[in-house]
Structures are given as structure tokens and as C-alpha cells.
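Colleague: I am attaching a structure below and will ask some questions about it afterwards.
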Amino acid sequence: MTIRFDNVSYTYQKGTPYQHQAIHDVNTEFEQGKYYAIVGQTGSGKSTLIQNINALLKPTTGTVTVDDITITHKTKDKYIRPVRKRIGMVFQFPESQLFEDTVEREMIFGPKNFKMNLDEAKNYAHRLLMDLGFSRDVMSQSPFQMSGGQMRKIAIVSILAMNPDIIVVDEPTAGLDPQSKRQVMRLLKSLQTDENKAIILISHDMNEVARYADEVIVMKEGSIVSQTSPKELFKDKKKLADWHIGLPEIVQLQYDFEQKYQTKLKDIALTEEAFVSLYKEWQHEK
């Protein structure tokens, strides 16, 4: 499954005194099996971009093509329904949208609307919940008797229960404790590597971006100003400063180390493990 943006612009309240162009002339592509991160300041157009992915918003100008379905501002909703079945959208604080009295009913709500096999959906959701640290009897419990972090994880899996090909998540770990953050991010990564799903992550956490993403899209004032690998992105401190994007902690540690010892390691370390490996290699060659 491939999603392609061709010269996509979106204007809120078009034709009124309050009109605002949130994104303009966006050209990009998302492929199944890859992990994307979208970064940028608040108001840079990230949320508008992802809402155009599954036609929650339709382009004011330009086209969004999902496999063989082309979406314009004129496309009727009946033609978009197959797209929405294959693209799972997890917005910020999704736990606020929980409403069923048991986890099981929450899990089958989406699959039921799309006339999917409910037993398969329940089994798939149960496996994902177990991966997130829930007990075996979680399906019979009420989500409203759980902690905020548990409710967040329940809400995320309720979208994943539809087994979408592309998963879009907007700040999924905001406010979670460290263990829950790791569980959620590792689950998303496993869905990419083990099930060939595309993950599209909006995040302000550059540590997550560095560790998990294959490609990073940088947005500024409604435009894509960069689309590259994390290693290439974090090499250019001047551009990062211009885009108001911070460095991951491990990359900052590497730059501090290189400055202190007046040296240059052979590569950019995106994880603690990679930094240790580069450090040992540097020590060996001293």
C-alpha cells in the first residue's frame, strides 16, 4: 500500500475572513513497511497533513492517492470508506474517546462498523494487549476502572484491532510513564518489522524519532522542508536550530564527547548501544 501526496494544499475556512492555509504544495510518499516520523513546531502543519492521509480532511488543491484511489476536494465519502478501513488513526489523548463498558466491546466497535470478522479482531487485539503488559482477563474488564496510562493503551489497541496496513499516531506516548512509553513504541516497531505495516508518527520526542524512524519529515510553516534519514537529519545542527528541533539526548552526548576530546566518531549514534560501540572502536584506535 502506498500513499502519495501531489501538490497538496489545505485551507481552513476557505472563502471567509478567517481562512488559513495550513499546508501548501506538499509532495511526499508513504510506503508500506516503513517507519516515518513527522516533526516540527506546533502549528507547522503536522496534524493537518496526517488528516489528509485518510481523507478526514480533503485537499483544497492537489491530490492524495491511496493505491488506486485518488482523493480530491470533490471526492465523495462513499469512495473513501475503503481507505479508512486500511489506515488506522490514533489522535492525541485517544483515551478520551473510550465509551464502551468493557475492553472487549471497545475492541470490536471499529471492526463491527467495517463488517470484519469479530473473532479474528478480538484475538488480534488480545495479543496486542498482552504485548502491552495486560493480564489475560483484560477483555472482560471496564476501561474506566483503569489508570490513565492503561486507558491510553486500550484506546490505541482499539484502533489497531482493525488490523490496518498503515498506522498513524499523534504523540502516542505523551504523558505516559517510561515503561508504558517503551511498551507502546516497541509494539509499533514490531508491527512494522513483523507485519510489514507502515507507521507514521508525529512526535516532539527526538529520542523516539532517532531510535525508531526510518525517515523523518520536517515541517515548517505548512511545508515539508526536509525528508531524510535520522542520521542525516541530526548531522546538521544549524538547520535543526533554524527549524527549532532539538537533538536526541544520545546525539547531544556524542557531540559533547567529540568537542571535549577534539575527535570525531565514525558515525552518528542514534541509540545508547550504537554510541557504546562507536566509543569502543574509538578507544581501540587511539
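Each residue, glycine too, has its Cβ placed from N, Cα and C.
What Swiss-Prot lists as domain 'ABC transporter' is 3-246, and the listing cites sequence analysis. The ATP binding site feature in Swiss-Prot is assigned to GLY40, GLN41, THR42, GLY43, SER44, GLY45, LYS46, SER47.
Mind mapping these onto the model and telling me what they sit next to?
Modeller: Residue environment of GLN41 (ATP binding site) contains 15 other Cβ atoms, counted within 10 Å of its Cβ in all protein chains.
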Colleague: Check the domain 'ABC transporter' (3-246) for me and report the mean pLDDT.
Modeller: 95
Colleague: For the recorded ATP site, enumerate neighbouring residues of the same chain (Cβ within 8 Å of the Cβ centroid of GLY40, GLN41, THR42, GLY43, SER44, GLY45, LYS46, SER47, site residues themselves excluded), in sequence order.
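Modeller: Going along the sequence, the neighbours appear as MET219.
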Colleague: Taking every protein chain in this structure into account, which of the binding-site residues THR42, SER44, SER47 has the most other Cβ atoms within 10 Å of its Cβ?
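Modeller: Compared across THR42, SER44, SER47, the most Cβ atoms within 10 Å surround SER44.
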Colleague: So of GLY40, GLY43, GLY45, which of the binding-site residues has the fewest other Cβ atoms within 10 Å around its own Cβ?
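Modeller: Sparsest of the binding-site residues GLY40, GLY43, GLY45 by Cβ contacts within 10 Å: GLY43.
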